[in-house]
Amino acid sequence: MSTQRLRNEDYPDYSSADVSPDESPSEGLNNFSSPSSYQRFGESSSTTWFQTLVHLLKGNIGTGLLGLPLAVKNAGILMGPLSLLLIGIVAVHCMGILVKCAHHFCRRLNKPFVDYGETVMYGLESSPVSWLRNHAHWGRHTVDFFLIVTQLGFCCVYFVFLADNFKQVIEAANATTNDCHINETVILTPTMDSRLYMLTFLPFLVLLVCIRNLRVLSIFSLLANVTMLVSLVMIYQFIVQRIPDPSRLPLVAPWKTYPLFFGTAIFAFEGIGMVLPLENKMKDPRRFPVILYVGMAIVTALYISLGCLGYLQFGANIQGSITLNLPNCWLYQSVKLLYSIGIFFTYGLQFYVPAEIIVPFFVSRVPEHWELVVDLAIRTMLVCLTCVLAILIPRLDLVISLVGSVSSSALALIIPPLLEITTYYSEGISPLAIAKDALISILGFVGFVVGTYEALYELIQPSNAPIFINSTSASA
């Protein structure tokens, strides 16, 4: 989530444009090539170590977290947490590689800051292969591409999440009570297809993305953070009660579902895009590695605990988002609504990054009096695109796994190890480090191919129909 993702509204990494909250898209792009657009370490908008830690934590909590119980089911109650731990360690290691390579080029080129795309471009320029040096600019374009795919993929996930949760709340409204411990299955009153709910949200999200100022969006971000935090606490409060006997759950799931686990897990751990901007804004960036490892250790523990407890609590009935398994009482129905409100406003923040890359490309090619019209038109078309893609893939678990396998694996696992090899090869890098980096990239690529294939295959020929039972208790 991510990213949630570039899942941090205060410290987005545009990878190709350094845009401050007060700048318009075209202003940010015009300042991109100017030396003054770089911010020196610890001088502008400096944050303390605690603020950086908080931003790192909230940047990794989103819809990916809520999908981890189903991911654990796809791997097994033993294999799931072990794999989450391993993927977490590798993902954090790749974040450290990116930071190390960025520092290397800052010192070598006398630059105060380089982003992800620039780091990859400079890494290719340092490659011993002449073809890579001549085409180094494609490194930045590749990062931009996967960044756009990832962020718009997050937006597709949000459409499905909003539709599923609102649909369930509305259909269960007549049977919703004040008793959260009733041991019975609630019969839902059919309303309309979830795709129609997505179309209902479309005009409201179009209006939201028309807000082009990041500072204004950060106001909505505060509301989103509060609602999602309260919801998460309530979810934990429920799943730790009366945990069933885990012996009924398989230790290792069938291998065919493991690629779906990989896609969901890497979707949740894809927060590499916000690492460099967070470090750049610190008062003392030398402390960032410690904050990174401590913060991601907390995130990994949160992921493993929610994934395991959620699967233990709901077993085979676990759905694409654990919120869909919460009881049909008003307390937990409000949790679904609160988290959905947070996700709604987060859509605008996730959309901001690809908009800052795509919109200026078209705006710069039209007369000045058409700039605003073209700007809003492109934003509207991009939102409609995410809505159409969500309608085509209305299963939340498959959308998360597909986005994670296609784009998140590239940004988080495949590119950083290759970047380390190209950066340090001419300066001397140990064969062990090369072997390690090659292994990580190969595993990431295998996960990319197999995870994408399995998600698409499950979409075309589903082996199991999605579960629509709403468990009202552990034994329901």
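Placement of Cβ uses the backbone N, Cα and C atoms for every residue, glycine included.
Per TrEMBL, compositional bias 'Basic and acidic residues' is recorded for 1-10. Taken from TrEMBL, the feature compositional bias 'Polar residues' applies to 27-37. The domain 'Amino acid transporter transmembrane' feature in TrEMBL is assigned to 46-454. As annotated by TrEMBL, region 'Disordered' applies to 1-37. Sequence annotations record features per position, and here TrEMBL assigns transmembrane segment to 75-99, 143-161, 196-214, 219-239, 259-278, 290-312, 337-364, 376-393, 399-419, 431-453.
Stretch with the largest number of CB pairs closer than 8 A to the transmembrane segment (376-393), among 143-161, 290-312, 337-364, 399-419: 143-161. Across the candidate stretches 196-214, 219-239, 290-312, the maximum count of CB pairs under 8 A to the transmembrane segment (143-161) is reached by 196-214. With pairs at least 6 apart in sequence, the transmembrane segment (337-364) and the transmembrane segment (290-312) have fewer than 3 Cβ pairs within the 8 Å limit; the two do not touch. Highest Cβ contact count with the transmembrane segment (431-453) among the listed stretches 196-214, 219-239, 259-278, 399-419 falls to 399-419 (criterion: pairs under 8 Å).
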